[in-house]
Amino acid sequence: MNPVNYLYLAALLFTIGATGVLIRRNAIVVFMCVELMLNACNLAFVAFSRLHGNLDGQIIAFFTMVVAAAEVVVGLAIIVSLFRSRHSASVDDASLMKL
């Protein structure tokens, strides 16, 4: 398959994720859409890496996955804390949390 097709797929996935972040109000769905956007960026990095014949994009994608794993841990902890205190996972309730 042509690497340009992977770039089209990455653009489509990123657009779906960005639309989900802008439209949805549930924190878990927004969080999943952000992860979809990160995976679309990883796909673009790997496609550009394959297109140019070097490993730089694949290394960046690997480190992005490591950072995304840490983000999942912190993000889900915040969402669980929000749900326990407000009994809702709405993004609008996040502004009511105390520091």
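Heads up, residue numbers simply count up from 1 along the chain you see.
Just so you know, glycine gets a Cβ as well, placed from its N, Cα and C.
For 3-23 (among others), the entry in Swiss-Prot reads transmembrane segment, with the evidence type sequence analysis.
Swiss-Prot lists 28-48 (among others) with the feature transmembrane segment.
The transmembrane segment annotation in Swiss-Prot covers 59-79 (among others) and is backed by sequence analysis. Sequence-distant contacts of the transmembrane segment (59-79) (same chain, six or more residues past either end, CB-CB distance under 8 Å): 27-28, 31, 35, 38, 41-43, 45-46, 49, 89.
Tertiary proximity for the transmembrane segment (3-23) is limited to same-chain residues at least six positions away from its ends with a CB under 8 Å from its CB atoms, namely 29-30, 32-37, 39-41, 43-44, 46-48, 50-51.
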